[in-house]
Amino acid sequence: MIKVNQVSKHFEDYEALKEISCTIPPGCIYGMVGSNGAGKSTFLRLLSGVYQADGGEILFDGEPVWENPGVKQYITLVPDELYFMGGASLERMAALYATFYPNFSRERYEYLTETFGLNPKKSTNTFSKGMKRQAAILLALSAHPKYLFLDETFDGLDPVMRHLVKSLICEDVLERQSTAIITSHSLRELEDTCDQLALLHKGGLVLESDIQNLRTTQFKVQVAFHETYTEKKFAELPVLHYSKRGSVASLIVRGDRDEIAAKIAAMNPVLMDILPLSLEEIFTYEMEALGYVFDPSGYGFAEGEGEKK
Amino acid sequence: MKKKNFDAGLYREGLRQLRVLGITMLAIFVLASVLVPLSDAVSLSAYPEWSPSYTVHYSSYLSQNPLILLSFPVAAPLLTLALFGFLNKRNACDFYHAIPQTRNALFFSFFAAIVTWLVILIAVPALVSEAVCLLFPKYLEIYPLSALQICTQALIASIGVAAAVLLAMSMTGTIFTNLVVALLIIFLPRVLIYVVSSSLDSALPYVASLGEPALLDSRINLITGMSLIPFGSGMADDIWSSWRSGAYTLLLGIVYLLLARFCFARRKSETAGQAAVSRHFQTVFRMTVALVICLIPLTDIFSATVVHNWSAGRIYGIVVWYIIAVIVYFLYELISTRKWKTLLRTIPGLGLLALVNVAILLSMYGFYSSESEIQPSAEEISYVKVVPYDGSSYTYYSTPLEMNVETKNYFDEKIADVEITNPDVIRMVSKRLVDTVNYYKADDQEKYTAYQGYDSIDFTTFAIQTGRKTIYRNILLSNSDYKELGKALKQIKEVQELYQNLPEYDPVNMSSMGELDADSAGRVYETLREEIKTMEFEDWYVLVAEAGSGHRYTIGSYILMTLVWYQSGKSYEIILPISEQMPKTWTCYMEELFRAADPDADTAMTAMQKPDVNVISLEINKIIDGRWINWYASDQTIGGEPAMDEVIGEDGEISYAMNRQLQTELTEAMQKAKDRLPEPGDDYYYISWNWEENGEFDGTYRYFVFQEGELPEEIESYFDKAR
C-alpha cells in the first residue's frame, strides 16, 4: 500500500504540489489526470524517490521511499521524458536493469522484446519515439515491479500497442497484486483501465474516487412535465447540474439510482429517461460542484463561481 | 536491504561507460610513451660515440613521458564530466536517482571507476615507456624511483582535479557552469593568495617570507603549482618531486571529495540543467567570477594607497577594470541562465561584491599597517640571527638518489642557527629596521638620509627574537654595516668552529659536483679539512665568503669544489675555495684532477703525430682572472683564430682538419708537458680534441701545465690578449 500524507513540493517560487494526501491500495490501477503543469509528473517522481518532498511523507507499506533502496528495488518508473544511456542497445539496458532490480526476469524480457517486435541489439538512438517508449515499458515490466509508475506513457503508442500495454499492466496487477499508477491528461485513456481516478489541479488533489462507484452513483435524468416548472421542483434531490431546454430538463444527479428514480416518478413526469454518464462528463460535473468551471479554451478547470457542494 | 556506500554493479557500469574515452586516451598516452624515448634513441644513434653530442641520455621521467602531465588537466576532468554528466540533464538525472541505490553508492562507485581509469592511464604508459628504455640501454636510461614518484604525484593531482570537478558538478547543472566553478574551486584560493601576497610583498619588501606558513607557498599545491609556473612559482621538477606537495594535494583532494559527496547527496534532481542548484549558489558563483577580475584594480588601489602614487591614469585604469568586472558579472549570469529577465534581479549582488572588495582592501591595509609598525627597540630584542636572504635562489642538482634536489648553502644555513647577542649588532639591526621601513615609506627614496653617502646598500634577512616571538625582516645594510656584522660574526666561537671544522667526508651522503669522482673528491676534501684548521680564520673566512657569493677571488686564482651533502633530511651545497694559500689542498686537487683525465689521452697524443691523423676539432681552455677562456679550432671556427685547413677526400668531399703545422707544434708541446703537475698558483690548461684516422673517429681530453713559450705562438698570444 502506498500512503501519501500531506505531501508538498515546490520548485523555487512555484508550488508544484500542495499537501496531497491519498492512499493507494495494493492490486490497484490508479489513474491520475490533470492539465499540463498540474503536478502529475512531480507526484510520480516523488513516489519513485527521485524528488524529495518538502513536506509530508510518502510510505510504501509503512516505509519511506526517499534514499531507501529496499523500497526502490520494487518500483519502476517510466517517465514522460525517457532516458537511455548514450548509444546503448536494449540488451545493454536490460543488463543494467538486471543489475539494479533483483526481480528482473530475463525470460519476460525476451518474451516482451519479441512481442513488441524490437531488435535488442540495435542502439536505442535508432529507435523512433514510439519504439523508445515501448522499450522503456518492456524494461520496466521485465523488472516485475511491485509498483509500476507510468507517466503519460501512452503518448506515441499506436492503438494496438496501447491495447497491448494496457493488457500487460492488467495482467501484472491481477496476477501479482502489483500496483500501477498511470498519469495522463486524457480521461478517455484511463477510462477502461483504471480502478481509481484522481484529478490533480494546480498542485492540489481535487477529486479522487473509485471509477465504478462514480459510474453507478452519478447519472443523467432527462425529465419533462406538463406544467411549468423550475429548478426548485427538484430541491430535495442531490442535483449536481440542472439545465432546461424547452420543457425538458436535464439533471445530473448523484445518489442511489432507484431511490432517485422513484422520487422523480412520484412527481408524475411526462417523460423520464435515466442515462449513464461518460467519465468525462462525470468529472466535469463533479468539478463544477466543487466550484471549478470548465475552460474550453484548453483542457482544464479554473476556479469559478460554481457552488461547492 | 542494507544501505551501501559502494556497489560493484555500479562500479562496473562506470568502467564500461568510460571505456571509449579511456581507451582513446590510453592509446594516445601509450603512443607518446613509445615515440618520445624512441625518437631520443634514434637521434642519439646518429652520433658516433666519441661525439660530444652523444651521451647516454639521462632522462628524467618527465622528459621521457611528457604526456603524463596531461593526466590531471585533461584526463581527470574529461572522465568526470563524462561519467557524472547525467547531473546536467533532467531525464538522465531522474533515471539515476530512480535506480534502487543510495546516492552515496552512486557517488563512490562512479568515482572509483574514474580513479581506476586514471590509474590505468598513468601506470600503463609508464611501464611501456620504461620498457622502451630497457630496449635501448646504449642510449637511454631508466629512472624507476623518479617514475614511481612522478606517477604517484600525477595520480594524486588527477584525483584532486576529478574531485574538484565533481564538487562543481554537484553544485551546478550545465557544462559551462561546471567548468567555470571547477576552475574557481581549483584556482581561486591560490590566485587570491598569490595576488594578495604578491601585492603585500611588494608593499612590504622588508617583511621576509621565511616566517610564512607553508600553505602560502604556491608550490605546495601540485595542481596549481604547475599552472602558475609561468608566473614564477618554481620548476616543474621541483614541484613534482616534493612529497610534501603530494601529501598536501592529496589532503585537498580528500576535502574536495567529501564536500562533493555532501553536495551530491543533497542535490535535487530537478536542478539538472540549471546554472546552479539554488539561487544563493548562483549568486555566490557570479560574484566570485567577478571578484577574480576585481583583484586587478583592488591590488592597484592598495599599491597606490601605500606608496602614495595616485595619478589620473591609474584612476582611469582602476575604473575601467571595475567596469569590466561588472560586465563579466552580468555576462556570467546571461551565459549561465540564458535569461535576460534575471539580470535586473542580480543588481543588488553588485553591492555585496563591492563590500567584499572593501573587506579585502581593508584586510590588506590592516596587515600592511600592523607589519610595518613592528619595529622593536634594541632593548626588546633578545638576539638576532642572520638567515639566508629571502630572495635568494636555490640550486638544483640531480643525484643518483633523487632528481632535482633543492640544496641550500651550507655555511649560510648553519650560520642561521647562530644567535647573535652582540649589543652593537642588535642596536644596528633595530636602527636599520626603522631606517628600512621609513626608506620604503618615503616619497623620495633617493633623498632618504639614512642611506645617503654609502656606496651600496643591500638586503640581509634577520630573524629577530623579541620575547617569545620571532619576526623575519629583510633589512637594508650599508657596506659599513656589513663590516660590522662580519666582525661580530667572526668573533663568535660557533662561527669559527663552523668554518674551520667541516664535517667528515661521508661517501654515502656526499656527492661531488665537479670534475672529480667520489674517491678523488673525498681525498681532496679531507686534505682541505685538515689544512684549514691551520689557516688563519680570517683568511679562510674571506675565501669562503667570496667563493659563496660569486665575487672574484682575492688571492691569486682559486677553484671551487662543490659538494652536495644530505644531513637530517636537508640537502646542503658546500662550496669550497681551493686557493694557493692552501698549498697541500691545491696540490692534492691538481694531482687528482690531472689523474682524472682520460687514460687514453697519452695514446691519443702519440696518434696526433701521425700524418694520416686529422684533428677535426680541438678546444683549449684556461682560467684567466677567474674566468674560463676558450680557444677553438673547429670547422665552424668559433672564436679563436681560424686554424683549420680544407681537406679534399678521395671522393671529392671537402672537410676540415687542423692546420698540420699547428697540430705538430701543439702535439710536441703536449708531449713535453704531459707529466707536469702545477705548483700552487700555476696556470693550467684543459684540452679536448677529436680526430679522424682512416675513417674512424675518436675523442679525448687532458690537463696540461705549459711553460712560457711552449705553446704555439698563435695560441699563446691569444691567451695573453685575453688577460
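The backbone N, Cα and C atoms fix where each Cβ goes, glycine too.
Among the features that TrEMBL reports, transmembrane segment is placed at B:20-47, B:67-87, B:107-127, B:147-168, B:175-196, B:245-264, B:284-303, B:315-335, B:347-368.
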Interface-richest range of B:147-168, B:175-196, B:284-303 toward the transmembrane segment (B:315-335), CB pairs under 8 Å: B:284-303
Segment proximity, the transmembrane segment (B:245-264) to the transmembrane segment (B:20-47), 3 or more C-beta pairs under 8 Å: no
Distant-in-sequence neighbours of the transmembrane segment (B:67-87), which means Cβ under 8 A and at least six residues beyond its ends: 14, 17-18, 21-22, 25, 28-29, 32-33, 61, 93, 95-96, 110, 113-114, 117-118, 121-122, 125-126, 150-151, 154-155, 157-162, 165-166, 169-170, 173, 175, 178-179, 182, 222-223, 226-227, 236, 267, 272
Stretch of maximal Cβ-Cβ contact with the transmembrane segment (B:147-168) [cut-off: under 8 Å; candidates B:107-127, B:175-196, B:245-264]: B:245-264
Of B:175-196, B:245-264, B:284-303, B:347-368, whichever stretch has the most CB pairs under 8 A to the transmembrane segment (B:107-127): B:245-264
Segment proximity, the transmembrane segment (B:347-368) to the transmembrane segment (B:284-303), 3 or more C-beta pairs under 8 Å: yes
